[in-house]
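Enquirer: Take a look at the following structure, please.
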Amino acid sequence: MGACISKNSSARVSRSSALSASKQTVAASAPPGAAGDETSATGAAEEASRNSLARVDGTRASAAELERAPDGVCPDREEPGTANAEQGGVTEKKDTRETLAGMNSPKTLEAEAQEDDPKREAPNQDVPSEAPEGPKEKPGGDRKPAQKAILKQDDSHTEEEKLNAHLAYREKTPADFALIQDSLKANLVCSSLNEGEIDALAVAMQFFTFKKGDVVTKQGEPGSYFFIIHSGTFDVLVNDKRVNAMDKGKAFGEIALIHNTERSATVVASSTEGALWGVQRHTFRETLKQLSSRNFAENRQFLASVKFFEMLTEAQKNVITNALVVENFKPGQPIVKEGDAGDVLYILKSGKAKVSIGGREIRMLRKGDYFGERALLYKEPRSATITAEEFTVCVSIGRELLDRVLGNLQHVLFRNIMVEALQQSKVYELFQGDQLSKLIEAAVVKDYGADYVILDKENKTKGIRFFFVLEGELSVYAYTQNPATKEEERKLAATLKRGQAFGEEYVLNPTRPFNHYVKSVGPCKLALFTSSVLTATLGGEDIDETLDFNNKRAIIRKMYIFRYLSDHQMTMLIKAFKTVRYMSGEYIIKEGERGTRFFIIKAGEVAILKNNKRLRTLGRHDYFGERALLYDKPRTASVCANSAGVDLWVVDKSVFNEIIKGPMLAHLEERIRMQDTKVEFQDLQVVRVVGRGTFGTVKLVRHVPTDIRYALKCVSRRSVIALSQQQHIRLEREIMAENDHPFIIRLVRTFRDKEFLYFLTELVTGGELYDAIRKLGLLARSQAQFYLASIVLAIEYLHERNIAYRDLKPENILLDSQGYVKLIDFGCAKKMQGRAYTLVGTPHYMAPEVILGKGYTLTADTWAFGVCLYEFMCGPLPFGNDAEDQLEIFRDILTGKLVFPHYVTDQDAINLMKRLLCRLPEVRIGCSINGYKDIKEHAFFGDFDWDKLAGRGLPPPLAPKGETYAEDTEQSSFELDEDDTIVLEDEYDWDKDF
């Protein structure tokens, strides 16, 4: 509950029933109380190859790496294996999750993203001689009580104040820069940085001097500095016992660069004199943020200058910008060579390059110039050699990577042209999005030479009814009759260029003969809609019937009562409507009578009357009587025809109940009942406490007038202020108030008083998904499909509104009384505007780009899908499951190998996990321009019915028996002393919206 700030979400019980692991939720604002890393020098990070990290924001895998990567595989991954030694030798993994104390060292893992075909034969891989044995049976076990972290204010400034006494001025020499740069490059957190970023951080390093016995860091105190030893020796003490000694070039404290945590050891100067280079976390992350933001903005601007991409949408341009790779070229180094195969587009970011053909210089390229655009479309050899004249920096993207993040570029460009033309059409603007997509996909693309007669009225056999100009220019002539000669003549009606379309009149009148003459001016490319394509897409030749259907659907989708029906339920309901006509003055419904029908006005006007007094009028596409479908109650008003004739679409309650029934009907009744109830704080009666958290308690309350039960989250204003979480709480309320999805907890309203803020939400009684998967053991494919698909739909809803959830894990998902999921706890959520840089979430579920600090987008949530699916089907967590501290968790996420237990043999599931747990966010499945469509259409979901899930037509894996709530035996994890004098009234009215 509340913002994600260093709460210890739970002590997790392994599904092998005996072992647990602590998982903490982290944010920059407060210390999570996790172990530090003073005992690990930089050498520990040297094991990780720099090239194995996700390169973010223009500093990713080199072009060569991208070229070598097989289709569908993250460039920094090895080729995927299969589920056991006999099938290819993927290392097995134990199903264990131990506490932070006394764990084994983490295994080396490597995240992989496989090709679309998971059943393809993989190359052999080395198999450990003693592969760890997985569990013989499906694990299970009871959950241990959650362990709450002790929260306190962010006092990391204490270390900074102490270090100020040792701060000294030193102008860095070339040797100093070399020492710092080498150490930073070997550091885990910095290993993904480019040369410019390393240089900027080296400049930001401060110089500190110490004498023998001086304390640099103290065990148990919050730390915010990362250090590199310049000279002297320093001892490492744990519990006042010397465990290590460090000298020149060694580094320590790298976890402090990621987030605010307590030091795990004391470091003391042991030589007569010693000196350190140090950088504070805020300086480090702010430097990366500024460099990353500037780099993205520059690359985006360069991309905008490429006319080749001008027909792309802003979202598509952003996707390409994220995928751009930075390449450096020395003077005289060829960038491309004449005659070589070309498949990369280059944009000069700085420097200049010479273009030559056959050894003869043609021209000079400078900043902002680009070349190789045809290489993205056609497999043509390079027509010229381009050589760097001076040190030159380029950003580039290859055809293979572009296909993965955007799709076939030519197809995308043509699709954009068609979408824009259809959106401007008065005919097609009434079509549904899925209908337009089907039309576009079914379009036939053809090339025509110059002066070619494409269509003539006699060419009826072609069946062409509508076309777009994708490239080139053509003329359209209309046939008219000469009054004098009575002969037909052709008269120029229009000249069409790229992006323009023709044929609306033939779409509206499918049987009307084509009566135009169409001829190309020069070579051109057209996209054609034939009569058969239109018929197949519209479901028949009657376009009026299709538009009628679309109108009903658009109206019904806006109504709360019908908003989340499945497509099948929606279609059945619309087909059940009948048209009824009423004459002026005729009563349609009467006040006080039992309602059994729902009406939508097709044409005309009706008057709403109460006690024979007119309240208002309703017109075309307005509706009334919808609650009669759910409730057997008297009509509260009369409705009569107010125009000469009123045509209504009508559906009866009996028909509705045949279409909408069972869990969906019960869900609708509950949601409508909750929406109708006006709740006042004084009408709430506390029944019991159902949970406790960082900022207070969650209580089960009863609304006395209606007997409806709710959950009331009581947030201590004192705690919020003490932890500087005012903005987080405001944002949490704002996001929750906007959410309206069946798989997301519903906020009813908020209250406040002097001591507390209150969130009144629907009551969710089925317990946590975390507990459910422990009861079920390892999930079968159908069970994992159900839960992952439900989570995907909830997060997709948020992402459509540009909201990043940022703390996705089974503990933050509850089950309702039917066993369907409810996403809760929006304390970490953020409305995204550009990129985010804050380290927030639960370490085991964090995406690599969140840890690295160079900016992330909505893609971070998609990584968590992979972690959850792995947990569902494999048992342990994919990364850091056996880690001793958070630094090891982060190291495993950034550099570890993804391996699967021998008992996981579902190749579709393995493939999806690999593609979700891809360290390159732009290549991660679900993160390309296709979005969640790629996830939904993955082979793992090939036999899954998404529509039935939305309509509550699938049986949940676990049907709750009775009511289950979080244990309420623990005390609040944040307690202020009685004499605490925190002022409750802030300088600004931060809680005014409650």
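Placed from the backbone N, Cα and C atoms, the Cβ positions cover glycine too.
The region 'Disordered' annotation in Swiss-Prot covers 1-162, 954-976. Taken from Swiss-Prot, the feature S-palmitoyl cysteine applies to C4. Here Swiss-Prot flags 189-305 as region 'cNMP-binding domain 1', drawing on sequence analysis. Sequence annotations record features per position, and here Swiss-Prot assigns region 'cNMP-binding domain 2' to 308-407. The region 'cNMP-binding domain 3' feature in Swiss-Prot is assigned to 463-539; the stated evidence is sequence analysis. Here Swiss-Prot flags 561-660 as region 'cNMP-binding domain 4'. Marked as ATP binding site by Swiss-Prot: V690, G691, R692, G693, T694, F695, G696, T697, V698, K713. Feature annotation from Swiss-Prot assigns active site, proton acceptor to D807. Residues or ranges marked as domain 'AGC-kinase C-terminal' in Swiss-Prot (evidence: sequence analysis): 942-994.
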Enquirer: Could you find out if DSSP has the residue listed as 'active site, proton acceptor' as helix, strand or coil?
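Expert: The residue in question, the residue listed as 'active site, proton acceptor', is coil (DSSP, three-state).
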Enquirer: Including all protein chains displayed, how many Cβ atoms other than that of V698 (ATP binding site) lie within 10 Å of its Cβ?
Expert: 23
Enquirer: Ten-angstrom check, please: count other Cβ atoms within 10 Å of the Cβ of the residue listed as 'active site, proton acceptor', all chains counted.
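Expert: There are 26 such Cβ atoms around the residue listed as 'active site, proton acceptor'.
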Enquirer: Averaged over the whole of the region 'cNMP-binding domain 4' (561-660), what is the pLDDT?
Expert: 88
Enquirer: Could you break down the residues of the region 'cNMP-binding domain 3' (463-539) into DSSP helix, strand and coil, giving a count for each?
Expert: 13 helix, 41 strand, 23 coil
Enquirer: What is the number of residues in the region 'cNMP-binding domain 1' (189-305) that are helix, strand and coil, as DSSP sees it?
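Expert: Secondary-structure breakdown of the region 'cNMP-binding domain 1' (189-305): 38 helix, 45 strand, 34 coil.
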